[in-house]
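**Student:** A single structure is presented below for examination.
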Amino acid sequence: STTTVKNFFLVGFTESAMLQYILFITILIIYSMTWLGNVTIITTVITDQQLHKPMYFLLGNLAFIDLSESSVTLPKMLWDLLSEVKTITFGGCITQMFFFHFTGDAVAILLIVVALDRYVALHKPFQYLNIMNHNVLLRLVAGAWVEGFVHSIVQVALVIRLPFCGPNFLDNFYCDVPQVIKLACRDIYVVELLMVSNSGLLTTLIFIALIVSYAVILVKIRTRITEGKHKAFSTCGAQVAVVSINFVPCIFIYARPFQKLVVDKAISSLYTVITPMLNPIIYTLRSTETKNAVNRL
């Protein structure tokens, strides 16, 4: 390809120096909380014998992927908020894009696995430990990573084949496919179609699958469970909320041919900045069992 572009300039959030400082402090606090929450969960799940159960194994893995996902974009974003010139090399841009989709997709698949785990626990409580045995868990987690890898390789392969020879101003705070392909100096109609069907369709299908599975779980809670029904409902409701915060913005960004909208950056910051911090709080730190384990730790 005839790529002559060596660097991309990231436009970022705002021109205002004051606002950039405020954003820097806000995002630094969020990123620190993301690390604190997720590292606490990983450590507790590894060290506490009482948490050596399928659900916590999955939540420990979710915490690890959340940490990885937020670390793909946030350190660079924090650096840029204090920099005069916000640039990223072409290679760096492609790398960031690869890891962003790799971890993001792995999170999406793992959320399905977590919902599946809850379904089995409610549906077949007596066979639960046999069904969700160690080998099955390892396969499911490995499957999430492999699926993320394949999805990401496809995205990056489509981008790398495009020629970039002119404009190199990216109107975003990190490198992502929709903005980058717009800078290619050739018609991107087919690539855009492939992107929408790859990312957009995938995200939409996963979201529908998750909402359906949670609906089934909620019905199950209503009909089967007598003890602690309210708590089960609130946990499930909270998980549906997190799934929605994660997926609805993704669907908005990826499931349409890319036209620049004012709200794009704010919306994509939901799943880049906010959900990796929320996941540990909603999925893990709400349960009494984990709270006790963290206290013991």
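The backbone N, Cα and C atoms fix where each Cβ goes, glycine too.
What TrEMBL says about a protein is an automatic prediction, not a curated fact.
Note that the structure is a prediction, hence the values are computed from the model and not measured.
Positions annotated as transmembrane segment by TrEMBL: 20-43, 55-74, 94-116, 136-160, 201-221, 233-254, 266-285. Under the heading domain 'G-protein coupled receptors family 1 profile', TrEMBL lists 37-283.
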**Student:** Test the contact criterion for the transmembrane segment (201-221) and the transmembrane segment (94-116): 3 or more CB pairs under 8 Å, pairs 6 or more apart in sequence, then answer yes or no.
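**Tutor:** Stretch pair touches.
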**Student:** If we skip the immediate neighbours and take only residues 6+ beyond the ends of the transmembrane segment (233-254), which ones have a Cβ under 8 Å from one of its Cβ atoms?
**Tutor:** 104, 107-108, 111, 114-115, 118, 176, 178, 195-196, 199-200, 203-204, 206-207, 210-211, 214, 217-218, 221, 264, 267-268, 270-271, 274-275, 278-279, 282-283, 286-287
**Student:** Should anything in the same chain at least six residues away from the transmembrane segment (20-43) have a Cβ under 8 Å from its Cβ atoms, list it; otherwise answer none.
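**Tutor:** Hits for the transmembrane segment (20-43): 12-14, 59-60, 63-64, 66-67, 70, 74-75, 77-78, 81-82, 273-274, 276-277, 279-281, 284-285, 290, 294, 297.
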